[in-house]
Each structure stands twice: as C-alpha cells, then as structure tokens.
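K.L.:
Can you read through this structure? Questions will come right after.
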Amino acid sequence: MKTCLERIPQDVVALCDYERLAPEFLPPDIWAYLAGGAADERGLKVNQEAYRQWSIQPQVLVEMHGASSTLQLRGGQLPHPFFIAPMAAHRLFHAEGELATALGAAAMGAPLVMSCRASTPIEAMPRHLGVPLWFQLYVRKDREFMLGLVRRLEDAGCDGLVVTVDAPVSGIRNREQRAGFRFPEEIEAPHLVGEPAWPVVESVLDPRYLAELPTWEDLIWLKNQTRLPVWLKGVLSVADAQRAVEASFDGLVVSNHGGRTLDVLPAPLKVLPEISREVAGRIPVLVDGGIRRGTDAFIALALGADAVMVGRPMLYALAVAGAVGVAHALRILCHELEVAMLLAGCPTLPSIRGRVRPVMKG
Ligand SMILES: Cc1cc2nc3c(=O)[nH]c(=O)nc-3n(C[C@H](O)[C@H](O)[C@H](O)COP(=O)(O)O)c2cc1C
C-alpha cells in the first residue's frame, strides 16, 4: 500500500485516473467500502450509464463575452455548480480526513457537505475559508438528541442541513461483506456520541425497529427547530418532491445514495427531468450519482438540475493525494465543464437548460 502522494503524477488528467490509482493507496476492505454499491451493484452501473444516454446539442458562433460558470443559489453565489456529497469517515481514506477534503474543496470554492458519520468534529473544521459548510444528518425519533445536534451545528457555524431520507436501513452491501469491512474502532464518529442505539432485532420489520423510523412529521418538526436551510437528500419521486415543496423544505438532492442502499432504484438522472418540472424553480434541485466528467454536470444541468454533488471521485482523489488531490479533481471537473460550455455555446449555467438530446439507438 502506498502512502499519499505529494505531487500529482502527469498521467492523472481525469477523475477515472484517480479511480485507477486509489486502490494502491487503500487496504482492500476500505476500497470495497468506498467503491462498492449494494448487492449486485446495478444501481452503481445505471447511475453512470444514464449519462451515456444523452449527447450535448451545440450551437456555434455564439457571443460568449462575459461567459461564466458562476452558480446563483438561494441568493448566494458560488464559482461553479460542484458540491462534495456527504460521505462517512474521511479518515478511513487519508490521515487528515475531512480537514484535507475541506481544504481541497475551499481551494476550488466548492461547498463540502459533512456526513453525520464524519470522523472529524465540526468544531475542528476551518470556518474562515469563505465556502459554505453543510452537514448531513439522519433524523431520529429522539427529539432531545436531534435538538442537541442541531444546536451544536448552529453554534459551530454550519451553513445548512441536508437530511438524508433514503436510508432508514443500511443497504445490503455484498462487496463490503466479502471483503470483511468493519469501521475500525479508532475512526471516531464525534457527532453520533449519545445517539440512541437502534434496537437489536432479527428483522428490520420488527415493530421495535419500525417505531424508530422517521416520517414527514419528524422532518417538519426538525425544520421548525432551526433557521438553517434544510434540504432533503434521496428523493426519487415526483410525489415526494411535491411534498417537500409544500412543506417548505429549502432544496432537494435527487439521489439513490450512489447505488448503496437499494440496488434496483432508478438512476437519479432518469427521474431528474420530471422532478425538476414538478418543482418548477420553487426550490433548488441538485442531483448526484455517477458524475465523473464536466460533461456529466452539463447533462444534469440541461435536464433540470441547478447544481450537482460528486461523491466517490473526491475520496479517490483524497486517498491518492490528500487536499491537493481533492482540489485537483475539482479543478478537472470545472475545466471540463467550462470547455463543454464554450464548445456548446452556453455562456451561463441557466443557458445550458435543455441543451441535450437522447443518443440515437443503433
Ligand atoms: C464511502 C461513502 C460513504 C457515504 N456516506 C454517506 C453518508 O454518510 N450520508 C449520505 O447521505 N450519503 C452518503 N453516501 C452517498 C453520497 O452522499 C452520494 O449520494 C453518492 O456517493 C453519489 O454517488 P457517486 O459516488 O457516484 O458520486 C456515501 C457514499 C460513499 C461512496
């Protein structure tokens, strides 16, 4: 196993190069946890394949003066539409964990969404770098615990909450099981201290387990406890999107958890157009899962996303080259997106909307 590189090799020019190199830097069980999906990994495959069903519709000789990839989002401005998706325990992949990811993200102006299973306490995260820091959580029935966590996040200067709603139980992760992955004890979870334990049950359909699962009512309660924006992550249906808008949530992430929960969910890109149509600009819509190229982000924006979240590739880059790797991977994505905008004749992110067509079969 190699240790983290100080300099990026010349042949690392695309996110797939980080994916190729990352297994050399990680023990096999941690690699299985990072790269794998649920069961037969159908979700993992369809997420990326969905992007191959679309091509970009260019226009030539467009006036591009003043072109920019700036994102306007809820009154704020970001230099590009890439966010880092919430992912557990970055210390599994690099000794400096979330600190390194945050520095790499900040260098490129990308918001980081910390996972509730982060291995670094939010209080230790740098907050003077001028980029938003969001926090992802799962809602539990225990309101005292939830309130304590929310107040802690507010006090630490967190900019927004992302509630993940698609994982009331962990997916069936055969690749991880075969590799014998377990969270090492030394990788702490400082935001889960005091979290109520899940009941030990034979079946997840045991009433004692089901009684612990959150519902819309719990999410709306949570939303009413804080002034922070609250987004929902893991929405894949028009009905749920409609409900989120009606309940005044602040944004949506269309996601199938990177194919890590239920193996046979639709690719988020497939359902994005209908969800975006339903939401009709009332709240922002992000999408994640399978984004590996700037052109993938272009396609997502063309089909109705306001911005995108990128997951695994950020941790591949973190494992290979720490903060520098994360910044470099984001830079690659931004450059690819900008080149695509120029070649397609789209001077702004909103002008990308609709600029794709289905790939012809045969
Ligand atoms: C190692 C790993 C850990 C993850 N942990 C979380 C988590 O704690 N909370 C969460 O909402 N999503 C989690 N996710 C899902 C990501 O937020 C995101 O939805 C997914 O990775 C996007 O797909 P992509 O990896 O193809 O970009 C995790 C994903 C990975 C790869």
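Positions of Cβ are set from backbone N, Cα and C atoms, glycine also.
According to TrEMBL, the feature domain 'FMN hydroxy acid dehydrogenase' maps to 7-362. As annotated by TrEMBL, glyoxylate binding site applies to Tyr33, Tyr138, Arg173, His257, Arg260. The FMN binding site annotation in TrEMBL covers 86-88, Ser115, Gln136, Thr164, Lys233, Ser255, 288-292, 311-312. For His257, the entry in TrEMBL reads active site, proton acceptor.
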K.L.:
Consider only the binding-site residues Tyr138, Arg173, Arg292: which of them have a Cβ under 6 Å from an atom of ligand 1? Write none if no residue does.
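P.N.:
Once distances to ligand 1 are taken from each Cβ, none falls under 6 Å.
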K.L.:
Around the Cβ of Asp288 (FMN binding site), how many other Cβ atoms lie within 10 Å? Please give the count over every shown protein chain.
P.N.:
28
K.L.:
Just checking the binding-site residues Lys233, Asp288, Arg312: which sit within 10 A of His257 (glyoxylate binding site), CA to CA?
P.N.:
Lys233, Asp288
K.L.:
Give me the largest Cα to Cα distance among Tyr33, Tyr138, Arg173, His257, Arg260, the residues the record lists as binding glyoxylate, in Å as a whole number.
P.N.:
20
K.L.:
Counting other CB atoms within 10 A of each CB, which of the binding-site residues Pro86, Gly290 comes out lowest?
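P.N.:
Each of the binding-site residues Pro86, Gly290 was scored; lowest Cβ tally within 10 Å is Pro86.
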K.L.:
Drop a 10 Å sphere on every Cβ of the binding-site residues Lys233, Arg292, Arg312 and tell me which sphere holds the fewest other Cβ atoms.
P.N.:
Arg292
K.L.:
Quick one: pull the CA-CA distance for Arg292 (FMN binding site) versus Arg260 (glyoxylate binding site), whole Å only.
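P.N.:
Cα-Cα, rounded: 17 Å.
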